[in-house]
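Some features that TrEMBL has for this protein:
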- 65-84: transmembrane segment (TRANSMEM)
- 90-107: transmembrane segment (TRANSMEM)
- 119-140: transmembrane segment (TRANSMEM)
- 146-167: transmembrane segment (TRANSMEM)
- 174-197: transmembrane segment (TRANSMEM)
- 203-221: transmembrane segment (TRANSMEM)
- 241-260: transmembrane segment (TRANSMEM)
Amino acid sequence: MESMFGFQSQRRRMSFDSLKRLGHISPAVQSHLKHASPSSDCFACFLSTCKNGERPHLTSNCLQVYLTLCSALAFSALGAYLHIALNVGGTLTTLGCLAAIAFLISLPPSQDHQRNRFALLMSAALLQGASIGPLLDLVLHFDPRILVMAFVGTAIAFGCFSGAAILAKRREYLYLGGLLSSALSILLWLQFAASIFGHSRTTFTFELYFGLLVFMGYMVFDTQEIIERAHHGDMDYIKHALTLFTDFVAVLVRVLVIMLKNAREKSDEEEKKRKKRY
């Protein structure tokens with residue numbers, strides 16, 4: 001019993017020490033993360049203030065967060081609303097989103113192009129929101145609570161996985177890049193095969209859950225890759241915010257589809273039970 005309590009106290013001490021340890025993330029990288037990710041911003045501020053024993057002041061940091069990732073999410077929500085109100089989402093918005101992303105990546109990350117690249121990021125987010133608008137419209141007509149629960153769950157998962165990547169040792173999760181790339185290629189080949197031979201219920205379920213696992217892994221990998229790139233001088237926070245935005249939306253869409261699928265199956269079962277009673 002004493003050994004068990006000693007082990008638990010040692011684990012708590014190790015976790016608290018890991019929160020105070022800042023040697024693997026330089027101050028410049030912490031400042032860069034404030035632009036790239038909300039969870040990274042909160043952790044960087046918390047870690048830096050824990051060392052000095054000061055209370056965290058998150059106001060200025062949150063402003064930087066809303067200018068990048070949260071701004072993109074807000075524009076994405078606006079795009080989804082525009083589809084619900086005007087029915088603008090579809091193939092054209094998807095192609096427009098891809099074109100905006102390609103144009104953003106082609107521009108060099110210089111001070112002269114910063115406003116243009118930021119505008120392209122918001123445009124891509126707006127078009128992305130309009131593209132997933134039909135799914136959101138379907139969810140809202142079925143049960144609006146699904147959308148709220150899916151978004152909150154995705155945000156919590158994003159914060160947890162990004163936080164795990166930040167608190168981990170430097171380059172600890174970069175090995176996941178090869179595994180995740182292979183898993184993503186498997187998903188692409190499955191989509192290609194399904195377009196030729198047709199979808200089955202089993203392959204659709206596998207693609208949903210496997211894709212969710214893959215993009216949750218990308219949350220960890222991309223966060224640590226952003227840290228590593230920032231250590232080497234790559235402070236392109238707009239491109240990094242785009243990467244995290246893509247991960248967030250990919251996870252959110254799959255969570256929405258899974259929750260909608262389960263809710264429909266549950267309602268169908270309840271409907272069958274009612275018919276049997278009468």
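For all residues, glycine too, the Cβ spot is worked out from N, Cα and C.
Curation plays no part in TrEMBL annotations; they are all automatic predictions.
These figures come from a predicted structure and were not determined experimentally.
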Who are the chain neighbours of the transmembrane segment (90-107) in space, where the CB to CB distance is under 8 Å and they lie at least 6 residues beyond its ends?
79, 83, 113, 116-117, 120-121, 123-124, 127-128, 130-131, 134, 238-239, 242
Under 8 Å between C-beta atoms and at least six residues away from its ends: which parts of the chain pack against the transmembrane segment (203-221)?
157-158, 161-162, 164-165, 173-174, 176-177, 179-180, 183-184, 186-187, 190-191, 194, 244, 247-248, 250-251, 254-255, 257-258, 261
So which residues does the transmembrane segment (241-260) touch in its own chain, when a touch means Cβ under 8 Å and the partner is 6 or more beyond its ends?
35-37, 68-69, 72-73, 76, 101, 104, 121, 124-125, 128, 132, 135-136, 138-139, 142, 146-147, 149-151, 153-154, 157-158, 162, 208-209, 211-212, 215-216, 218-219, 222-223, 226
Close approaches to the transmembrane segment (65-84) from elsewhere in its chain (Cβ under 8 angstroms; 6 or more beyond its ends):
34-38, 41, 93, 118, 121-134, 136-137, 140, 237-238, 241-242, 244-245, 248-249
